[in-house]
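Novice: Right, I'll just put the structure down here and ask away after.
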């Protein structure tokens, strides 16, 4: 039954099914949460009733970045290939993120010049090379294209992962489970620990500082390694989705803000692992439809453009900080959603994709495993899924795991 826990080990999909399409689709959900959060904080909607609904629905929307961090760790470990080199991995990650970032960096400076906004050269250089998250000074970590602070964190994660991966592969299952369990507790511990940091730097320390934000990344890493070995135990996708919705509603309504990140980290890892397991087993998932996968593919570009576009348009029209009355507020939000999506599609099509092809080294084909070693079916392909629902699926050997990196966003 789909509503039961996923007690059987996750099966290895046939190549190239290491591309988990449901996780790609879920990336769009995370990007939409961040978009909604910024819509609420910008005060675009003035009508009190509409504003109250949007504020409540997206109160926790900034945690969409937390979802991206957890997902990044999960996908990169799930898809890691043993023959890869550190240099090749780092080159692929730079090719994925930096060209689009540079385009938005230039665009943000052009907007600043248009409005005659002063730009500190140190801030601009820090931002260009994605070092801003290490600088606790106000106006530095949120700078130029402000959302790029999370890319600064991601670069730190990418630097660390190839160095840590050999130890992760050798880690005992109990140690991996310890990481999954410890991360929410460590996130909780940040709130009393922030008293050790100067007051003006506490937001930076808990929300931006790369080593602190890496906790979520390592949670995804540990969960992916457990699933790769067939040791993950978690609910099915329908149950995990209900847990997430319940957690979101309860947290937004009754839970103190200090507890949100810890609670949502649990909900997010359950949904991510359950969606991956659904893809591996060929079970139903609403997140791997063709529209959702496309939205997920452009979600990184959408994330990069959305704040700069909305602030620039509102400043240009003189509506910054004013809010639109009645139904105009919702109409403007819908317009921003569509415009940002169109610009994201262009950025993905003409910058992100060609630069990945240009800068990423070609991969050599590997032979397909013979006989019973090929223990699964591509969820996107025709044919029966790898086992009936609820049936145990053969546990994969680590060496059987398909070797291919996929984009973490």
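Cβ atoms are placed via backbone N, Cα and C, with glycine included.
What TrEMBL says about a protein is an automatic prediction, not a curated fact.
Among the features that TrEMBL reports, domain 'Acyltransferase 3' is placed at 22-338. Taken from TrEMBL, the feature transmembrane segment covers 28-46, 58-78, 98-116, 147-167, 174-191, 260-280, 292-314, 326-347. Look at TrEMBL and you will find 361-409 tagged as region 'Disordered'. What TrEMBL lists as compositional bias 'Low complexity' is 361-370. Annotation source TrEMBL lists compositional bias 'Basic and acidic residues' at 388-400.
Give me the lay of the land around each of these features.
Specialist: Through the fold, the transmembrane segment (58-78) approaches residues 18, 20, 23, 26-27, 29-40, 150, 153-154, 157, 161, 165, 168, 213-214, 216-225, 227-228, 248, 251-252, 260-261, 264-265, 268-269, 272-273, 276, 303, 401, 405-409 of its own chain, all at least 6 residues removed from its boundaries and within a Cβ separation under 8 Å.
Here the transmembrane segment (98-116) has Cβ contacts under 8 Å with residues 124, 127-128, 130, 144-145, 148, 151, 300-301, 304-305, 308, 312, 315, 347, 351-352, 355, 359 of the same chain, all six or more residues outside its ends.
Residues 6, 10-13, 17, 20-23, 26, 60, 63, 66-67, 70-71, 74, 78, 180, 183-185, 187-188, 216, 219-220, 223-224, 227, 232, 234-237, 239-241, 243-244, 247-248, 251, 287-288, 376, 379, 386 of the same chain lie 6 or more positions beyond the ends of the transmembrane segment (260-280) yet place their CB under 8 Å from a CB of it.
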Novice: Looking only at residues six or more beyond either end of the transmembrane segment (326-347), which have a C-beta under 8 A from one in the stretch?
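Specialist: For the transmembrane segment (326-347), the far contacts come to 35, 39, 44-47, 50-51, 54, 100, 103, 295, 298-299, 301-302, 304-306, 309-310, 313.
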